[in-house]
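Taken verbatim from Swiss-Prot:
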- 1-37: region 'Disordered' (REGION)
- 51-100: region 'Disordered' (REGION)
- 88-100: compositional bias 'Low complexity' (COMPBIAS)
- 143-166: repeat 'LRR 1' (REPEAT)
- 167-189: repeat 'LRR 2' (REPEAT)
- 190-213: repeat 'LRR 3' (REPEAT)
- 306-328: repeat 'LRR 8' (REPEAT)
- 329-351: repeat 'LRR 9' (REPEAT)
- 375-397: repeat 'LRR 11' (REPEAT)
- 398-420: repeat 'LRR 12' (REPEAT)
- 422-443: repeat 'LRR 13' (REPEAT)
- 536-558: repeat 'LRR 18' (REPEAT)
- 582-604: repeat 'LRR 20' (REPEAT)
- 724-745: repeat 'LRR 26' (REPEAT)
- 767-855: domain 'Death' (DOMAIN)
- 856-863: repeat 'LRR 27' (REPEAT)
């Protein structure tokens, strides 16, 4: 095989591996790619009718291993890479497919580089292992050469010795285990390794023996606790890729300069402050990640890496660029977001191959007209700077596809912006734009347009010429009339015009049959327009914060509607017309004036989420209990009439996962709440609840419990049964057991441990009280006490009464009473209080004095 072919194969592995690391690192992919991909995927999901409802998992999903041959694994990776070059699969709608095809083709050129920042599961291929060991490790063998072993998240605490003794193992993935050292790994067993990945293991160092791995091409020890790289790493002459992302490295490992074949180096998210001048010895380095370190200057050494194509310096403290940056002749991607740049050195505009330049969140006030040199530029991110204008010369960047200028001080765009014929994404949110220029209409390939947070009063009718546009956001401007030009956009599926002054909807919107997502909240709408009802493909409609009072019967035509938001309107009665929406999943009628719910709501067979918070219900609307599909219910009343009780029928909603009954005047939780087996979240704060029913403690999937601001004085000891609980809050309760300071940390273990010890203590105190009563009670008071404790004579009479002392009989009677009371789930503390009340009623004051003394003594002892 030629050297060129070998390099190509290694670079292919490089791309695949860098994907794996970068996804686990949560490295952001370029905004244009990510957002546009999400946008198109969302459209695809809409068209395919996919649900986006949240899925709750109480227990982590089990990870299984698959086995294929090495060549099969490589074929699989190649196939997946090809898939990743596409933004989405062909849509079921011809129109959408046509509008997206050009987008896909244009971006394919640099999508391979972007794919460095997206993770793929590495092919899991198993080595030759005995059938017994295969069964034990969950491995299978399908070939006899070039094996990959993937033991990710298997709970391993040391290297799997049996696997290492197999000479054919070449690729070993041990990510997400607890392997903290190389102890137990015989370096001789590792000699054949070409890829070793130990991400997320808690490693604090690398052993010097790593120098023996002469065949190693890829080493990934990202997401560990490594602070030092041993000098022996310089002996890895064949290494192509090194990943040390998210560790504690403070000094750049100078020994890396000996790794002449290194192509990818990731040292992002460490504590580096300096880069050595010897770095240029890495003459084959193509990708360098130094994001989120502590670099205060742009290291000049970086400028002399002749083959560098991607450089990430995001999240440092760099305030200027050196003139030597012009030497990076092959650089295609430069990421400098979140730094301290106040200007750009003019030499940066000599990087003629640059395709992606990200400069968001700096302090740039001006962009040089020399930007015209960037003839290959595809992506330009300039959000969150101090720019007041963009030079006209930007229109010489003929290949530009993504331009984002949000959060600056722009008042207008370049007059000849229409020359950017390839522009697909233009975002100018939160600036000082007064109008959208007519020249926008000549951007024939534009797909995503955002001008939210400006002072725009109208949209030019010529926008109708942008027939490939699929998403528009115009939120929080000064628009008074619905832009008619938008109604002529055949590919528009997402439109958001929240926070404007629109009071009427034109009939022309009826022609926007392709529209899937429409937001018009915080406008001046007085009615639910009949024209909305012609949008038969619409899935999401937000008309919240308007002044709508009723719903037209023709809403039944909106057969695709999944989400309907009508919060903060003027509804006084529940609109029965909504009950014809058989496909509705989410309905928000919060902050209206509803007093009751129609029984027709049972027709919403697919409803999953309801928000009726802050209304005027006289009673809990029991009609809701018919909804078998409901997963989330919010009936909190921070602004509405307070509910005082919950019906037992609440338990009929067996699919319920989230319940919010906060800010009411509810006195008790239904005793059968334990029948809501799927409940994950219960918010009942700011009520008058004084007791937690035992059945609540059987909710095994419960993860969130908020009972703050109630009247709880004690927590049940069995609260530890809620083993899935992750978030708890008992603040602002008059708690005595446990005391409030124990609950402030919101740690279930601390609370449960206290209650366990308190139970043990209360049991001992109760037994001592039994002895005090038995040793001091009179025959007459004993009979009265039995009556007060509801103990029948048959339970206290003994066959040998003449020979059994009063003390023994009294103690036996109290034990019987305790046994009976335990059936009612009464705690030892509650039994003690009940017994004291009974003794007070029969006038056993001498005994009471002794018990009081005992209580005072025990309270003085801290436990």
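Cβ atoms here come from the backbone N, Cα and C positions, even for glycine.
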Self-check item: Residues of the parent chain within Cβ reach of the repeat 'LRR 3' (190-213), under 8 Å, 6 or more residues beyond its termini
Solution: 13, 17, 20-21, 24, 122, 148, 164, 167-182, 219-230, 232-236, 243
Practice problem: Count the residues of the domain 'Death' (767-855) that DSSP assigns to helix (H, G, I), to strand (E, B) and to coil, and report the three numbers in that order. | Solution: 66 helix, 0 strand, 23 coil
Practice problem: Sort out the residues at least 6 away from either end of the repeat 'LRR 8' (306-328), same chain, that have Cβ-Cβ distances under 8 Å to it, and list them. | Solution: 27, 113, 116, 268, 283-298, 300, 334-345, 347-348, 350-351, 358
Quiz item: By Cβ distance under 8 Å, which residues at least 6 away from the ends of the repeat 'LRR 13' (422-443) in the same chain are close to it?
Solution: 32, 35-36, 103, 106, 383, 398-413, 415-416, 449-460, 462-466, 473
Practice problem: Could you give me the DSSP helix, strand and coil counts for the repeat 'LRR 9' (329-351)? | Solution: 5 helix, 3 strand, 15 coil
Quiz item: Of the residues in the repeat 'LRR 20' (582-604), how many are helix, strand and coil by DSSP?
Solution: 5 helix, 3 strand, 15 coil
